[in-house]
Amino acid sequence: MRGLCQKHTDDAFGPCVTNDTNAEPVDFDREHPAFERMMEFCPHLLADGNNKLCCTPSQAEGLTKQIAQARNILGRCPSCFDNFAKLWCEFTCSPRQQDFVSIVEMKPIENKEGFTPEYHTAEAYVNTVEYRLSTDFANGMFASCKDVTFGGQPALRVMCTSTPCTLTNWLGFIGTQNFDLNIPIYTKFLLSDPDPAKTSPEDHEMFMNVNFTGCDQSARPGWPTCSKSECNKEEYAKLINLDDGEASGQSCNVHGIECLKIFIILTFIASLAIILCVGCVFTSYDDQYENLRQTQAGEETPKRGRIKRTGVWIQNFMENNARDIGMMAGRNPKAHFFLGCGILLLCLPGMIYHKESTNVIDMWSSPKSRARQEEMIFNSNFGRPQRYQQIMLLSHRDFQTNGKLYGPVFHKDIFEELFDILNDIKNISTIDDDGRTITLDDVCYRPMGPGFDCLIMSPTNYFQGIKENLAIGTGNEENVQEDDAFDYFSSEGKTEEWLNHLASCIDQPMSQKTSSNISCFGTYGGPSAPNMVFGKNSSTFYASNSVMMTILVTQRTESEIHKAELWEKEFLKFCKEYREKSSKITFSFMAERSITDEVEKDAKDEIVTVVIALAFLIGYVTFSLGRYFVCENELWSILVHSRICLGMLSVIINLLSSFCSWGVFSMFGIHPVKNALVVQFFIVTLLGVCRTFMVVKYYAQMRVSMTFMSPDQCPEIVGMVMAATMPTMFSSSLGCAFSFFIGGFTDLPAIRTFCLYAGLAVLFDVLFHCTIFLALFVWDTQRELNGRPEFFLPYKIKDLLGAYLIGRQRATDTFMTQFFHFQVAPFLMHKMTRIITGAVFVVSFIATIILSSKVEIGFDQSMAFTEKSYISTHFRYLDKYIDVGPPVFFTVDGELAWHKPEVQNKFCTLPGCSDTSLGNIMNYAVGHTEQSSLSGEMYNWIDNYLEWISRKSPCCKVYVHDPSTFCSTNRNKTSLDDKACRSCMDYDDIANSFPTSHIMHHRPSTDVFYRHLRHFLEDTPNSECVFGGRASFKDAISFTARGRIQSSHFMTFHKKLAISNSTDFIVAMERARMVARRLERTIDDTAHVFAYSKIFPFYEQYSTILPILTTQLMITVVGVFGIICITLGIDVKGAACAVICQISNYFHIVAFMYLFDIPVNALSATNLVMSSGILIEFSVNVLKGYACSLRQRAKDRAESSVGSIGPIILSGPVVTMAGSTMFLSGAHLQIITVYFFKLFLITIVSSAVHALIILPILLAFGGPRGSESSETSLNENDEQMEVCLMSATMESRIGNVENGSPNRPAVLDSSHLLDPLLKSDHDEKTLDILDIDQSYPPTPCSLPGTSYRIPRTHIEADLRSL
């Protein structure tokens, strides 16, 4: 066959049949322009002066043109390209052509206007041939090409009929007649027998067997060998080594903190504890000291040690000042009230500056974080990434029974509906603030420029967005071979033509025309990757059950963002309406603004649930503080001892504390994230309720121990209450605020703002408790002592003494109080119970440490929405069916000398570039997804630019008459244009001054490089020039003011990441940063390389959250130890026990998070920070009760503390918060049910267990064993017992029950040690009634007063008379 005889297209001609089996080769005209091209691509045919070929110059031109197009794909490996060129050079022009090429089918020549066959005697043209190849050559060619990449993907993927590509499939594709690809004939490849013994020499000559070039060899003199990345993958893997060890996790660490740091911190804590303990032991008092001093009772007491005396002084100082504050409030409550109101007036005006951050990123990532800083650099250089709008159609129909595409989604009516949806979306419009109409055309992203359509990634692109193209039939098949053996676009069985075309586009998305004569390119000017438009639950897209449409919207400026949000609002409205009427398919969707909108909507929907929880909280506190019984047969008297107003106002004070905190921080520009304030109010209320219950319950217990309280004694009574409760309040508040403020040092916005606001709110709350609440308490106490009911103040009880005695009888002996006194406390302090509990505690502590190390980190995005939310549905479908991850940009920030070849070689992947260049490493990373979590195509602008501007490229040309004017391949061409334009490099005088073998001859000089770089970024790719940079790299380069490159990015994609599994995102981010570090090393750290993706700001926190929380725990432990130790009078033992409980509580909560499948994130971290404050509040009260107990043995004091403090904590803050959180279990939002119900309940229960069970058991071990006599013991504690009345008075109730009358005060004998207010000097059991002196001095001594005896029988008679 020789010459061109049949014109199929302008670039596809059928060769002539010579009808001569002995046709000799002819001399090829060396003066013809095609000869130079033949010397470039087929030099082996013209070697040694030979110029006899079996082809005409016209054939040679067509051949070299086809080979030149293949160079765009295979040119990265010169050996591969040379072998591929040899394949077709031998086929078309070899002098031995008739030995290995046989005509199988010929067709008569058809006359075409304007075309004359070159071989005039020919009557037929060749349609099908048999091409016999030696197996050695075929395998060698395939081996040299199989690892070559094109755009980050295997190059053979675009030249093959299936994936993975095999030799058979490759030969089948390139041998298939396809006029659109300029393949004019069918070529059936026949390979020789691989066993040489079975092939005779004669038969061997019948196969084409030129020498192939291995990929590790140079194909021609002066040509570089293939890069190791394109040839020897195994050796190249050893050369790259992506893992730099920084994220390997092989080093010893606990929760992300190095073991060495933990050891140093624990050593410091242990050393501090040992020093304090040793100092306490050597300076503590001893019974045998010689120096004695006189007490008030005239008895000698052992001299305290220095530390003990300091502790007593601290206690006395705090209690005396607290007593003074209480007495001043009792005498002048208005002053305290208006002082607190003045503080409110100073702080509340700051609320006018208050605003919540509604930006989702601001809730999860700090502006100072690495990801946000890198995002800022990226956005400032390249602009914000586009906004995504997505629609998915899921088909539930049966699978097809025949055809190549058998998935449930491949029904024509479903695709017709998809076209209708697309047309409706294009017609969506809205009105902006200025009254202008906004449509999709106004906001969409056009990568190819204004002359092209919007980028809508959809299966409709395969039909150019034209619905009528679905009706393509057999009319376009006139040029299709009937023999299916050679038709690689047809399917088995009878299939509709539109499905054949669709199957072709799935196999070859880059195909510009299929057998159906339709392009696979979309109207936006580019292809549509199948993994971006089809969803599947199997390994092939042929079985797809869903299709997805993705619309990209620009957001470069604030005005564009505003327009985009307005259009998206109408888009969502359309989608919601369409979902309701869609019957054929399941319709899911989302927009960029969907998450923010849905979070706000769901938050509003849950307001009712939150209000009910708050109502229970306020109601319980309001009604549980008081006592309700009738006196003098008057129904209104039930409100005399109630505390409804006080309870309600105390909750309002907690709310005002939060408002003041908000106001102060708002004035300084520190604004909270959305919904953090609700959580803050809950925790501040919890702590405030605890203080309120302590004050009110202590006062109620004091009423029982005192025989009568006169309204005139109110200042002294309030002073005594404050002396017992305010030091504890101050100590716990200081500890809570400290733990919160430590949490404020983190960079996580959700934790930071919550901790700062909560810490200051706690301080404001204790301040208002000492001012406003104290004044309200004084007024309410005066009302009660005067016998006036709430809400009915004109009424008054006449017999105050009788009412008081009834009040004493019906006081605080509730079921819970008795249960703790006589059941819980004795059982808990039983020896066997303590042993078992201690053993269980140790085992559980060790187990929780192990379990906590297994807790997951992250946040399931779907939990932020209700189960019925359209976003939850869309997320589920994305997880299940779509097989593509988010894009990631590897950004090179820094001005480099990009015009220098040595710099280019560090980034490019072309022949001659460094094996460890940035591009080669990225290609390796993309090809090794298991190491990098990267997948998909890699966009390397320097590769495309060097190919675009190369001398042999048809892309970069300038006009001959004006070399400064760019001659684009997209121009309106004429017959003179090709001669009027020449390569840009022909006019580069500096490059042309170098020898052709020098690299500088093939690379542009400085001026040419930067001048044509702008043209490259504006050049739209087309079939003639596929390297135009407009579509892929227009926004990939940022220039300085003088036209140099400031920064650029290289884009690829993550692998599929499960939305419901945050670990995928965290690992992907860490691996991308690992690759970025490797890339930075490969360019010798001459610029900063970082990886950026839109997901990184959301997930960066999880890589450091556990180390941050563990570090904060350790700092909090040290601080709390010091605060408790000092404020409780140098109580080393109590502080140490509290710290142990603090650590144990943290690990127990984390372990329960693991058991309940709750990951660590900002929300759960907030609960962990809250647990610290809650436990401090509970623990300090237990420690105070322990220290104030008059019992001698540690076990007895711990029992006393549990019996007196336990019911208050349990009935107060624990029931309050646990009860209110129970209402949150009915919320629809998973984020509320998991983090604000389940986890918060775990936090409350765990804190209560540690405070009321573990802490007393730890306190029960050790401690002084008592003195020789009770009198001595009393004297030793005389300085503390006056201010430790809570524990003492509660202990006095034990004797009442023992005497058989639990609801009535009993008379204690002188040997009883539990009631410091009751004394007896006679054998007869009597009861003291204190007549408190109005001139009570603020001293640490006992309350002054006169004491006279009333026989018990008189009191019983009075009670009977009442």
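The backbone N, Cα and C atoms fix where each Cβ goes, and this holds for glycine too.
Keep in mind that TrEMBL annotations are predicted by a computer and have not been checked by a curator.
Taken from TrEMBL as is:
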- 606-779: domain 'SSD' (DOMAIN)
- 262-285: transmembrane segment (TRANSMEM)
- 335-353: transmembrane segment (TRANSMEM)
- 607-630: transmembrane segment (TRANSMEM)
- 642-665: transmembrane segment (TRANSMEM)
- 677-696: transmembrane segment (TRANSMEM)
- 717-742: transmembrane segment (TRANSMEM)
- 754-779: transmembrane segment (TRANSMEM)
- 1105-1128: transmembrane segment (TRANSMEM)
- 1135-1156: transmembrane segment (TRANSMEM)
- 1168-1187: transmembrane segment (TRANSMEM)
- 1208-1229: transmembrane segment (TRANSMEM)
- 1235-1261: transmembrane segment (TRANSMEM)
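The stretch in closest packing with the transmembrane segment (754-779), judged by the count of Cβ pairs under 8 Å and taken from 335-353, 1105-1128, 1235-1261, is 335-353.
Contact between the transmembrane segment (1105-1128) and the transmembrane segment (1208-1229) does not hold: fewer than three of their C-beta pairs are under 8 Å, each pair 6 or more apart in sequence. It is 642-665 that, among the stretches 607-630, 642-665, 717-742, 1135-1156, 1208-1229, forms the most Cβ pairs under 8 Å with the transmembrane segment (335-353). In this chain, the transmembrane segment (1235-1261) touches the transmembrane segment (1135-1156); three or more CB pairs sit within less than 8 A of each other, excluding pairs fewer than 6 residues apart. Outside the transmembrane segment (717-742) by six or more residues, the chain places 315, 318-320, 322-327, 329-330, 687, 690-691, 694-695, 698-699, 702, 709, 755-756, 758-760, 762-763, 765-766, 769-770, 774, 777-778, 781, 1112, 1115-1116, 1119-1120, 1123-1124, 1127-1128, 1169, 1172-1173, 1176-1177, 1179-1181, 1184, 1188, 1282-1286, 1332, 1336, 1338, 1343 with a CB less than 8 A from a CB of the stretch. This prediction places the mean pLDDT of the domain 'SSD' (606-779) at 83.
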